[in-house]
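Novice: Could you have a look at this structure, given as structure tokens, before my questions?
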Amino acid sequence: MEVYCVFIFDKNILNPLRSQGIIEDRRVEFIFKSIIELSIILQNYNSNLIIRHATASKEIKKLVIELNIDAVMINHDYEPQAIIRDKLIKKELKIIGCKFFSYKDQVIFEKNEILNKIGKPYSIFSCYQRKWIEKIKNNKFYLQSYPVKSYLNNLVNFSKLHKINNNISSLNKIGFCKSNLSALGIQTGMSGAKILLNNFIQKIKNYNTTRNYPYIYGTSYLSIHLRFGTISIRKLVRLIFKFIKKYSKTNCIGYFTWLSQLIWRDFYQMILYCYPNVINKSFKKEYDNILWENNDCAKKNFLKWCKGYTGYPLIDAAIIQLNSSGYMHNKLRMITASFLIKDMGINWKWGENYFANKLNDFDLASNNGNWQWSASSGCSSQPYFRIFNPIIQSKKFDSQGIFIRKYLPQLSKLSNKYIHSPWEVSPSKLEKAGIILGKNYPKPILEQSLSKINTLKRYNFIKKYFKL
């Protein structure tokens with residue numbers, strides 16, 4: 001049996017980016033560099049990777065005919081459009097007599113593998129998490145690595161591949177240019193993931209604390225690698241259980257906290273698969289009746305939020321970080337989302353879409369789940385009356401203004417006391433700090449205490465007139 005390794009840059013995914021005028025995309029470049037690294041690894045085993053730029057559903061069929069393939073094997077993708085694509089491929093291959101197999105890979109538990117006592121998917125995370133951990137403890141099979149090395153001898157020989165047209169040698173070949181990925185120091189491929197993991201292992205013990213502060217290098221930064229498959233989720237969970245077994249429970253809080261974040265990832269993938277309507281509807285259907293702000297003023301304010309011009313320093317610094325790097329600290333994702341939804345009164349779908357276009361680690365399931373969590377419309381979401389105060393959050397998680405000063409240098413001369421709310425500073429102190437509100441830093445776009453009242457009215461209306 002000979003095995004061909006194939007990667008297709010799908011035009012159905014890339015063309016919409018180019019139609020928007022996007023020719024520099026960190027995600028595309030990350031994938032490209034990771035694919036080139038994989039190709040080199042395969043060459044070390046006297047094989048190679050077939051790389052194509054085409055419509056995946058058509059190109060796979062074309063390759064099957066060209067190479068006289070008996071079976072095609074892929075891994076499950078749980079996004080609705082991907083499911084449609086894979087069903088089409090399976091149908092097309094069946095017509096020409098080629099077998100099609102799909103396997104679980106990117107999660108520990110998928111689809112309907114974790115159900116409650118009545119055979120339904122969990123909608124409460126804590127219950128799902130208990131069952132998830134219980135299932136792992138009862139059967140370590142789920143964490144076993146796949147026996148890849150035992151199949152390396154089946155890889156088709158490089159000399160045979162050399163005859164196949166395989167000229168995707170640069171980003172330009174697929175219509176893209178280099179982004180600022182390298183300048184940002186974002187490490188790609190399995191080698192990059194390995195470096196990040198080794199660095200994080202030294203800090204994971206304190207993750208439960210350090211993960212909350214955006215100015216600290218306290219998280220794993222592996223989300224983009226998990227998203228694009230350059231590190232195995234099984235490897236990460238195996239590592240956590242190894243440490244948990246080694247240390248006492250009191251010394252494992254950081255490990256358990258990180259494990260919980262990885263379980264959230266499985267949870268949201270399960271929700272997306274079982275309830276695909278969440279991509280355009282609220283999980284709690286009643287919340288589709290919320291009357292969001294949608295006038296010209298709201299649209300202008302949304303653009304200010306997108307540019308980091310809200311006048312609330314922590315919010316603006318977080319958005320500027322996102323716009324310039326494609327990264328935003330998880331704590332800040334929650335705070336900026338809460339601000340957009342519950343202070344500005346804007347539909348969570350607007351923010352979800354903006355993050356989808358900007359995040360390097362964009363994952364449909366997690367992004368949707370997290371935005372619906374913030375909007376209180378999702379499963380296991382925060383209560384609707386929980387509204388993050390951006391000033392309190394700023395003082396709590398960036399008390400010395402280190403993060404704010406990095407992304408808003410015009411505020412750097414303000415004291416730690418006032419950097420979180422510059423509008424409270426006297427005109428003389430603002431002048432001394434070189435700040436002119438409304439010119440080199442915006443005035444606040446809203447009064448947070450009044451916005452809170454409006455938000456509670458908006459949600460209480462749903463609670464009163466629709467079943468919750």
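Keep in mind that glycine also has a Cβ here, set from the backbone N, Cα and C atoms.
Grabbed the feature section from TrEMBL, which reads as follows:
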type    : residues                                  : note
DOMAIN  : 1-108                                     : domain 'Photolyase/cryptochrome alpha/beta'
BINDING : Tyr207, 219-223, Trp258, 261-268, 361-363 : FAD binding site
SITE    : Trp292                                    : site 'Electron transfer via tryptophanyl radical'
SITE    : Trp348                                    : site 'Electron transfer via tryptophanyl radical'
SITE    : Trp371                                    : site 'Electron transfer via tryptophanyl radical'
Novice: Let me know the DSSP-derived helix, strand or coil state of Tyr221 (FAD binding site), please.
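Specialist: Coil, per DSSP.
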Novice: If you count the C-beta atoms lying within 10 Å of each candidate's C-beta, which of the recorded positions Tyr221, Trp348, Trp371 ends up with the smallest number?
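Specialist: So among Tyr221, Trp348, Trp371, the recorded positions given, the one with the fewest Cβ atoms within 10 Å is Tyr221.
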Novice: By CA-CA distance, flag whichever of Ile263, Asp266, Asp361 among the binding-site residues is nearest to Trp292 (site 'Electron transfer via tryptophanyl radical').
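Specialist: Closest recorded candidate to Trp292 (site 'Electron transfer via tryptophanyl radical') by Cα: Asp361.
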Novice: Kindly report the helix/strand/coil residue split of the domain 'Photolyase/cryptochrome alpha/beta' (1-108) according to DSSP, in that order.
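Specialist: The breakdown for the domain 'Photolyase/cryptochrome alpha/beta' (1-108) reads 56 helix, 24 strand, 28 coil.
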Novice: Let me know the model's mean pLDDT on the domain 'Photolyase/cryptochrome alpha/beta' (1-108).
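Specialist: PLDDT averaged over the stretch: 96.
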Novice: Within 10 Å of Trp371 (site 'Electron transfer via tryptophanyl radical') (Cα-Cα), which of the recorded positions Tyr207, Ile263, Asp266, Trp348, Asp361?
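Specialist: Checking Cα-Cα distances against Trp371 (site 'Electron transfer via tryptophanyl radical'), the recorded positions within 10 Å turn out to be Trp348.
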Novice: Around the Cβ of Asp361 (FAD binding site), how many other Cβ atoms lie within 10 Å? Please give the count over every shown protein chain.
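Specialist: Neighbour count, Cβ to Cβ under the 10 Å cut-off: 19.
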Novice: When you tally the Cβ atoms that lie within 10 Å of each candidate's Cβ, which of the recorded positions (Trp258, Trp292) has the highest tally?
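Specialist: In terms of Cβ crowding, the pick is Trp258.
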